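First up is the structure itself, then whatever we jot down about it.
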Amino acid sequence: QDMVYTVHIDLHKDVADDFELKAEGNSGKVDIQLSKMEPGVRWSTVGKTLEGHGDHVKSKEREIEYIECSLKSKEALTQDTRLFVIQVPEYTYLPVPVGYHVRVRLPEKDVARRYTPISATLSTADPGEYGRQVYLFIKIYEEGALTPALDALTLGSSIEVSLPEGTFSHEKLTAATITATDLCLLGAGTGITPLIRVMLVALRNDRKVHLILFNKTEEDIPWKEELDNLVEDHSNLLKMTHVLSQASDSWSGWKGHIRQELLEKVLPASSPERSIYLCICGPTVFTKLGISLFSELGYSGDDFHAFLG
């Protein structure tokens, strides 16, 4: 059961402005280390509890809470996608668990959309401190209710970001990146976003990963050079397959859309020595068709996770 526990305390005495937060992305454990302004003074109590302290509620029953952040940078990745780097305010951390999403809206606007943060870099190195910035890969729709306004923002503009939500539990993350010997990730378009961090965790755990990306053209493939470099650096573990629906005549790879014949060829063959876990994300039609195909190929609900909006 995914639960949220609230700590709300008026501390007994002052603490230094700087503090350290350690959040284990895999387990969800959070440590907050504060420094006393008067190091030698013993506190008789931690402080006075305030309203809401000790609340323990199901995530889905929690009221949506937004934090006012600011746009730090914006970069065009393809012709219609952008990488937004959002700065969290001072004294605030917003660590997002692997596979979870946040809601984004603009001040005084009612429209909000869900986006899954990606990692700062496509690297298997220790991510270090996280939670001070949120990295979002967003497709811009000309007639969209929110994305044109996001694309028009200038640096420093306010953006409201919610606390994380999601159903990709610690048990599912463990099944995908530790228990399974082979992890297959299928993403269409911006559906790559939740898969990036899952992939990096699996590679850190020395698990075999097959990243299967569905896009229209070669120009629509995000981070192609960085992903190619990652495959080269982890050639013994990482494999990547591209499927293009509007491929050029010179394209020699897979063409078309997700289908049973394709999955039978690219997914690893089952064996007693091999445990396979699948993750899929993309437009709803793509994801639901993928779920149906998984079932036809003999996978049970415990063998995969579908990221659905």
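Yeah, the Cβs are placed from backbone N, Cα and C, and that goes for glycine too.
Quick look at what TrEMBL annotates:
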type    : residues                       : note
DOMAIN  : 64-171                         : domain 'FAD-binding FR-type'
BINDING : ARG113, TYR115, LYS139, THR193 : FAD binding site
LYS139 (FAD binding site): tally of other CB atoms within 10 A of its CB: 16
Same chain, 6+ residues apart, C-beta under 8 Å of the C-beta of THR193 (FAD binding site), given in sequence order: TYR115, THR116, PRO117, ILE118, LEU136, PHE137, GLY187, CYS281
Stretch-averaged pLDDT - the domain 'FAD-binding FR-type' (64-171): 92
Structural state census, the domain 'FAD-binding FR-type' (64-171) (DSSP three-state): 7 helix, 43 strand, 58 coil
C-beta crowding around ARG113 (FAD binding site), within 10 angstroms: 16
Other CB atoms within 10 A, centred on TYR115 (FAD binding site): 23
Extent of the FAD binding site in Å [max Cα distance among ARG113, TYR115, LYS139, THR193]: 14
Residues within 8 Å of the ARG113, TYR115, LYS139, THR193 Cβ centre (excluding the FAD site residues themselves): ARG114, THR116, LEU136, PHE137, ILE138, THR190
